[in-house]
Amino acid sequence: MKSNNALIVILGTVTLDAVGIGLVMPVLPGLLRDIVHSDSIASHYGVLLALYALMQFLCAPVLGALSDRFGRRPVLLASLLGATIDYAIMATTPVLWILYAGRIVAGITGATGAVAGAYIADITDGEDRARHFGLMSACFGVGMVAGPVAGGLLGAISLHAPFLAAAVLNGLNLLLGCFLMQESHKGERRPMPLRAFNPVSSFRWARGMTIVAALMTVFFIMQLVGQVPAALWVIFGEDRFRWSATMIGLSLAVFGILHALAQAFVTGPATKRFGEKQAIIAGMAADALGYVLLAFATRGWMAFPIMILLASGGIGMPALQAMLSRQVDDDHQGQLQGSLAALTSLTSITGPLIVTAIYAASASTWNGLAWIVGAALYLVCLPALRRGAWSRATST
C-alpha cells in the first residue's frame, strides 16, 4: 500500500500524538505543587521526565518488534487506547503515585514513534523516504509547539484541563486510526524470542551489519548533540541574554516553527538534489556552526538569525533515517525504527545530565563551553562517514 491517503493519516496521527504529549508539559510543575512539598518539586519533576524517557527506551524496541509480527495498525491503536485511558485517569485523580504511574504509561504508549516510522517506510518508495521522514518530524514539531501553547492556556483555567484535553485528543486520534488507517504490513506470525523484550538485546541484530551499525552510531551522536539546546536553551537564555519567561517562550515557538518548516520543505528537495550523504553532512555543518555562533553571541536578538542555521541542521536526521531504512528489509522495519527510538530515548536520559553538568562546571568562567562541546561531537561521526561501506549506503 503506497498512497498519499495513508501518508496523510499517519502524519495526522503523529501530529495529534505530539499535541497530546505537549499539552501536559506546562502544567506538570504546577500539579506537583498541589500534591507535594515545595522543596521536593524540582526532584520529582526531574524524575517524572526521566521516567518518561526511560520507558520509551525500554518499550520502543518491543513495540517495533510487535509491529513486525502483528502489523503496524493494531500496535498503534492499542497504544492510543492506552494513552486515552491514562490521561483520563490522571485528569481525575490528583495523587502522586497516580502521576508517576501515568508518566510510566505515557512513556510506554508514547513510544509509538518507532511504529509510525516503520509505517512510513512501508508505504514510501526509497527515493521519497527522506522527504516523508522529514514531514513526520515536521508534524511532530508542529504538535510539540502547539501542544505546550494550548496546555499553558488550558492550565490557566485548571491544572487538570490539559490532561482531559489530551485524553480527548488521543480518543479522537484512536477513532481516526480505527476508521481511516489501513494496515501497511501484515506481519509474520512467528514466535517472538525473549530477547525482543530486552532493550539492550534489541541492538544486537545490527552487530553483523557494518553499514547499519555505523549509521546507528551516527544517529546516536546526532541525537545526543540535539540534547544540547533541549537542555540549555532556557537556562542559557536567562543567564546570557537575561531573557524573561515570555521571551523564552517566544524564542521556543519561533524555533519550533522554523524547524518544522525546514523539515517539511527543505529536507526533501535537498536530499533529492544532493543525495542523502550530502544532506546529512550539510545538516551537521549547519548545526555545528549555529552552536559555535550561539556560544559567542552577546545579544539576545542574535539568537534569532542563528535559529535559521539550527533549523536547517534538522535536514540531516530525516536523510539519515531514510538511508538506514533502506538497509533492512520490510519485515525488520519495525525492529530498526524501534532501535532508533530507543537510542533517541537513551540520549534523552543521558544527554541533559551530561550537558547540564558541563554547563554547571563552566558557567562561572564561560557559559558557552557546552555549545562548543556539542559542535565538536559531530567530529566523532567522521570515522563512520569515511567508511568504505558508507559510499555503498548512499544514493545521489
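Any Cβ shown, glycine's included, is placed from N, Cα and C.
Here is what Swiss-Prot records for this protein:
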- 1-6: topological domain 'Cytoplasmic' (TOPO_DOM)
- 7-27: transmembrane segment (TRANSMEM)
- 28-45: topological domain 'Periplasmic' (TOPO_DOM)
- 46-66: transmembrane segment (TRANSMEM)
- 67-79: topological domain 'Cytoplasmic' (TOPO_DOM)
- 80-100: transmembrane segment (TRANSMEM)
- 104-124: transmembrane segment (TRANSMEM)
- 125-138: topological domain 'Cytoplasmic' (TOPO_DOM)
- 139-159: transmembrane segment (TRANSMEM)
- 161-181: transmembrane segment (TRANSMEM)
- 182-210: topological domain 'Cytoplasmic' (TOPO_DOM)
- 211-231: transmembrane segment (TRANSMEM)
- 232-246: topological domain 'Periplasmic' (TOPO_DOM)
- 247-267: transmembrane segment (TRANSMEM)
- 268-277: topological domain 'Cytoplasmic' (TOPO_DOM)
- 278-298: transmembrane segment (TRANSMEM)
- 300-320: transmembrane segment (TRANSMEM)
- 321-339: topological domain 'Cytoplasmic' (TOPO_DOM)
- 340-360: transmembrane segment (TRANSMEM)
- 361-364: topological domain 'Periplasmic' (TOPO_DOM)
- 365-385: transmembrane segment (TRANSMEM)
- 386-396: topological domain 'Cytoplasmic' (TOPO_DOM)
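Contacts between the transmembrane segment (104-124) and the transmembrane segment (161-181): absent, as fewer than 3 C-beta pairs lie under 8 angstroms at sequence separation of six or more. A contact between the transmembrane segment (300-320) and the transmembrane segment (161-181) is absent, since fewer than 3 of their C-beta pairs, 6 or more residues apart, lie under 8 Å. The transmembrane segment (161-181) shares the most Cβ pairs under 8 Å with 7-27, out of the stretches 7-27, 46-66, 247-267, 340-360, 365-385. Long-range contacts of the transmembrane segment (211-231) within its own chain (CB-CB distance under 8 A, at least 6 residues past either end) are made by residues 203, 255, 280, 284, 287, 291, 310, 316-317, 320-321, 323-324, 327-328, 336, 339-340, 343-344, 346-348, 350-352, 354-356, 359, 370-371, 373-375, 377-378, 380-381, 384-385, 387, 389-390, 392-393.
Within its own chain, the transmembrane segment (46-66) is flanked in space by residues 28, 32, 75, 79, 99-100, 103-104, 106-108, 110-115, 118, 192, 196-197, 199, 202, 334-339, 341-342, 344-346, 348-349, which lie at least six positions past its ends and keep a Cβ under 8 Å from the stretch. If you take every residue in the topological domain 'Cytoplasmic' (125-138) and average the pLDDT, you get 78.
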